[in-house]
Amino acid sequence: MARRPFVFLLWIFACLFLFFRASCFYLPGVAPQDFHKGDLLRVKVNKLTSIKTQLPYSYYSLPYCRPKQIFDSAENLGEVLRGDRIENSPFEFKMREPEMCTILCRIVLDAKMAKDFKEKIDDEYRVNMILDNLPLVFPIQRNDQESSIVYQHGFHVGLRGQYAGSKEERHFIYNHLTFTVKIHKDPITELSRIVGFEVKPFSVKHAYEDSWTENTRLTTCDPHAKRLVTNSETPQEIEEKNEIIFTYDVEYLESNVKWASRWDTYLLMADDQIHWFSIVNSLMIVLFLSGMVAMIMLRTLYRDISKYNQLETQEEAQEETGWKLVHGDVFRPPLKSDLLCVYVGTGVQFFGMSLVTIIFAALGFLSPSNRGGLMTAMLLLWVFMGIFAGYGSARLYRMFKGTEWKKITLKTAIMFPATIFSIFFVLNALIWGEKSSGAVPFGTMFALVFLWFCISVPLVFVGGYLGFKKPAIEDPVKTNKIPRQIPEQAWYMNPTFSVLIGGILPFGAVFIELFFILTSIWLHQFYYIFGFLFIVFLILIVTCAEITIVLCYFQLCSEDYHWWWRSYLTSGSSALYLFLYAAFYFFTKLEITKPVSGMLYFGYMLIGSYAFFVLTGTIGFYACFWFTRLIYSSVKID
């Protein structure tokens, strides 16, 4: 019987290993694809995206040229939740065979087509494509730095402008694309590997002679006459009954970039100095708090413990003031101890998920080339970490002399996920109402529920059983039967004020990095500086622990022994500042105008802030729990 938990844990870790091995561990350079000259290159299309609406749409929701049959690419759980819809396209190239003025198709706009195009242009939607797993980018020269290029994901559907001498604003479509495929060629085998995929879009009103046939040659774009599209001086306007001809060019450029390094261009961060400033800023906060904790632990506490242990009589002890006086009440179970157990268990689960995800991402196992891999990893890690949630909540519940471990375990398994799922379901209904491809299908929703109830909940119960089975944690001092009266507190020791002050420093340690995370999420940029994030995460842990210990010490010195919940809320209140910062970011950095998009933003940031509250609160609680047990086990209690 004793070997069963061990065998079960081995099974869990085996499942985790197989999961990562199969779907998430992607080391750039492991699986390159070689192409001979003339090999077919198929371009895939992804969702249309906009930073103004945050609502993705399928590429073929607009009347673009279509292949004879549309196939959906296999998508993992993370891709579906991100709204990715990867499909085949009529763009087909041949390796190292340039093309000029290739005609894709011709369409005549009706009223609905024109309306759809205009709406997407007004909302600044971008078209996203993929070639050999590389996303299409649009190179932009930076004005502030010479020879510096930044890459915009995809290209805009079109643009707005006026004709010369007119003030009326018109809509124009990008209907000619000049693709640049960068390749790294092996000089011996003559095989080529794709290391870059760029585009320059143009709007051009194509013209031709006579009537349109399949073999019609354009007069505005003719490789035989060496007439190429290099500008948008005669743009293609979007209006009902207008004819639009879609064309493209393909050129190949040899590059010195090797296949294993091809993602470096996409992941290049121009703001490394800001990240280092963020690290230094956070370290200064940690050093300041560490100094305070060291002073309390090495000087004040040492002096207090020595003094308390040298008291000769009970009368002398009664004349003393300070944290020793509440030794008979400091480990008294708090109000709503069941709820505290649930939150602590959930925090353990979230901490485990965050730590493992960041470590694997920092080691390069969750590359952006594996679209959706990061989100899939987080979801599955959350599910498997349920065993630690059950264990943490049951251990604390047993210490509080609880007996109904199944009840507390069920609450741990249901409470936090149910809250998140309810908010997510409402947000998904809003997305569904907008007919966006970002709406999670019913099948995926069912898969999420299956992971929750069929894997996570049983694991939480296994952890709860193991935690409750172990002997209860014994308090270092006995608890009095009659609660001690708490004296009137100074204004600065007011619980609300103390809790709000406690959350400032943990938030201050991470808010600069938070800016980059929000930018990557809401401005559709790659975030791949997980090395920085790992350091910031460690700093967050230390900061939450230290600020909670400092304020807990001051609270106990004021003879207030209600530290259980306050220790959780002290560091957890940093989530409030995170949400306020998210609101500040919304009004200063984003251009979201649609009410539904605004609701999505604040809904998802509410979920993120709630998770951050659970994470930081649990870190603070365990730090304070360790601190109180340490100091009260160091004094002699008569």
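Just so it is clear, glycine is given a Cβ too, placed from its N, Cα and C backbone atoms.
For reference, TrEMBL has these:
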- 1-24: signal peptide (SIGNAL)
- 276-298: transmembrane segment (TRANSMEM)
- 340-366: transmembrane segment (TRANSMEM)
- 372-392: transmembrane segment (TRANSMEM)
- 413-433: transmembrane segment (TRANSMEM)
- 445-468: transmembrane segment (TRANSMEM)
- 499-523: transmembrane segment (TRANSMEM)
- 529-556: transmembrane segment (TRANSMEM)
- 568-587: transmembrane segment (TRANSMEM)
- 599-627: transmembrane segment (TRANSMEM)
Recorded stretch, among 340-366, 372-392, 568-587, maximising Cβ pairs under 8 Å relative to the transmembrane segment (529-556): 340-366
Residues from the same chain, set at least six apart from the ends of the transmembrane segment (599-627), whose C-beta lies under 8 A from its own: 54-55, 340, 343-344, 346-348, 350-351, 354, 416, 419-420, 423-424, 426-427, 430-431, 502-503, 506, 522, 540-541, 544-549, 552-553, 563-564, 567-576, 578-579, 582-583, 586, 590, 592
For the transmembrane segment (499-523), which partner among 276-298, 340-366, 372-392, 413-433 gives the most CB pairs under 8 Å? 276-298
Using Cβ atoms only, state whether the transmembrane segment (445-468) and the transmembrane segment (372-392) have three or more pairs under 8 Å that are 6 or more apart in sequence. yes
Would you mind listing the long-range same-chain contacts of the transmembrane segment (276-298), meaning Cβ under 8 Å and 6+ residues beyond its ends? 505, 508-510, 512-513, 532, 535-536, 539-540, 542-543, 546-547, 549-550, 553
Residues of the parent chain within Cβ reach of the transmembrane segment (568-587), under 8 Å, 6 or more residues beyond its termini: 340, 343-344, 498-500, 502-504, 506-507, 511, 514-515, 518, 522, 544-545, 547-548, 551-552, 598, 601-602, 605-606, 608-610, 612-614, 616-621
Other same-chain positions with a Cβ less than 8 Å from the transmembrane segment (372-392) and lying at least 6 residues past its termini are 9, 12, 15-16, 19-20, 23-24, 26, 75-82, 84, 344-350, 352-353, 356-357, 360-361, 366, 409, 412-413, 448, 451-452, 455-457, 459-467
